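Peer 1: Sharing a structure below in structure tokens format, with a few things to ask.
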Amino acid sequence: MGGQSRKWMILVATIWIQAFTGTNFDFSAYSSELKAVLGISQVQLNYLATASDLGKALGWSSGLALMYFPLWFVMFVAAFMGFFGYGIQWLVILDLISLPYFVVFFLCLLAGCSITWFNTVCFVLCIKNFPSNRPLALALTVSFNGVSAALYNLAAMAINPSSSHIYLLLNAFIPLITSIVVIVPILRQPPIDSLPSDAIKHEQLIFVILNFLAAITGLYLLFVHSTDPSTARVIFAGAILLLVIPLGIPGIIYARKWFKKKISSSFPLQGSGLLLVDADDLEFHKELLSRENSQINVMSYGVNGDGPTLTLRLARIIGTGGASDQGCCEKIIGKDQLYMLGEEHKAGLLVKRLDFWLYYLAYFCGGTIGLVYSNNLGQIAQSLGHSSMTSTLITLYSSFSFFGRLLSAAPDFIRLKLYFARTGWLAVALVPTPIAFFLLAATGNEAAIQAGTALIGLSSGFIFAAAVSITSELFGPNSVGVNHNILITNIPIGSLVYGFLAALIYDNNAVGATFAQHMMTDTVVCMGRKCYLSTFLWWGCLALLGLVSSVLLFLRTRPAYDRFEQNRRANLLD
């Protein structure tokens, strides 16, 4: 029992790390002041945002470090990278020191890299300590990364609501303080023992409770806020209390008998509408039949009972006739189609698959655009004459990003009553993004900005959290570390391309300045809807392209998901 309690302490530690280390989400809170102090154009400011996102492309370095150093050491290296990266920028923005532009670019890169190192620490802790419920642990902890901006906004309001540079100071110190607080449970990790089936179900029920507490935390941060410092301190204390409450989980472990009698009896797991994932289900790559056996099973299923429909559908999708009998869409859907989930794809094979590039494009034109939008929130609000709304918009994006991440676990919870391929959920999650951008292009009033920000945050949050599971399912769980890092190379690329597009349009529409002047060091501020109108239209069209790509990915992978679900249910009946 002591080991079980320590395991839940580690989960709480990862929640705290994620909640306080998503420091890149508050870039827009101080970007305007940083732009003014450095005397740079919008294009140059975009390069700084790109530098922070470029740190994600260096995430492999944390995995390399873990090969030679203990986990706690890697965590503190991440903390000190952020401490120096943000701390020196804070000195720059206060005019206490003066640094050339390329040094500030390097500091942004260092700060962005620290975030990926923290993420690696959390992933390793969840995977190691919750092997039977790995997706639930990852989805829960990654969700809290989405509330970072809301927490930092509360902290800034509590200290000095009129100062934007306070965010940089908080970004420097809070992750370091968090690392010191969580060091004890990380050092005292319990031995990993296999759990009996009843213990796994008990563990799953605790995850249900933790998700419920997480939803309450998100609603609290979304609806409870104040610009008065004294009130903001009380609200911030309440948020910290909500993050501390999960520490009561070890007490639940010790009270297991009472918990099982009182709660499990009124909330039965067996046959409920919730899918609380079984350990065997999580290790699907070990349970899947070989390609040949899968083909035999599918065809034999087609001979018995309901099979003809499935067989005919697969024949239509995969194609048994000549190329002349297929249309263009059928060719795209059927070409080099994934036959089953969980097949390992090395990097060389990965980049040759059409499914990967459809997935890459969907992420590139979905979640990445949402991240770039959040980086530009400060300038968007300023150009539309709503500068005072910047902190509110940051909180709104952060909170809805959190809910989007939390919703990424919904397909697993409702699977018994509503089964849908995870790539289908990805397509559904992309729908709000183009709607939001076209809404922002149509009108620039406060309600439209708030609604658009909420939709984009919800959509991008879901994509960020669901991507790890999708990568694992489509291209193999053993290769997910390398494959997912290849996937997220689209983030710095998208940050550069989309941000540069927005910055060029912004600078070209700035009042009283030509493009040549924009490239000089004088700061130019653009006011009016024209500053981002074309950008929103372009982003909306690109988001539609991502949606189309995700739909094609769903159509191509649906047969593999159907076969996997059929085999899973057959195993449950056995």
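Residue numbers in this text run from 1 along the chain shown.
Heads up, the Cβ atoms here are built off N, Cα and C, so glycines get one too.
Feature annotation from TrEMBL assigns domain 'Nodulin-like' to 7-250. Taken from TrEMBL, the feature domain 'NFD4 C-terminal' covers 343-559. Under the heading signal peptide, TrEMBL lists 1-21. Per TrEMBL, transmembrane segment is recorded for 71-93, 99-125, 137-159, 165-184, 205-223, 235-255, 356-374, 386-407, 419-442, 454-475, 487-506, 536-555.
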Peer 1: May I ask for the residues of the chain that lie six or more residues beyond the transmembrane segment (71-93) and have a Cβ under 8 Å from a Cβ within it?
Peer 2: 17, 21, 23, 30, 33-34, 37-38, 62, 65, 99, 104, 107-115, 117-118, 120-121, 124-125, 165, 168-169, 171-173, 175-176, 178-179, 182-183, 186-187
Peer 1: Assess whether the transmembrane segment (454-475) lies in contact with the transmembrane segment (205-223), where contact requires at least three Cβ pairs under 8 Å among residues 6 or more apart in sequence.
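Peer 2: In this chain the transmembrane segment (454-475) does not contact the transmembrane segment (205-223) - fewer than 3 Cβ pairs sit under 8 Å.
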Peer 1: Could you give the mean pLDDT over the domain 'Nodulin-like' (7-250), rounded to a whole number?
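Peer 2: In the predicted model, the domain 'Nodulin-like' (7-250) has a mean pLDDT of 85.
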Peer 1: Ranking 356-374, 386-407, 487-506, 536-555 by Cβ pairs under 8 Å to the transmembrane segment (419-442), which is first?
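Peer 2: It is 536-555 that shares the most Cβ pairs under 8 Å with the transmembrane segment (419-442).
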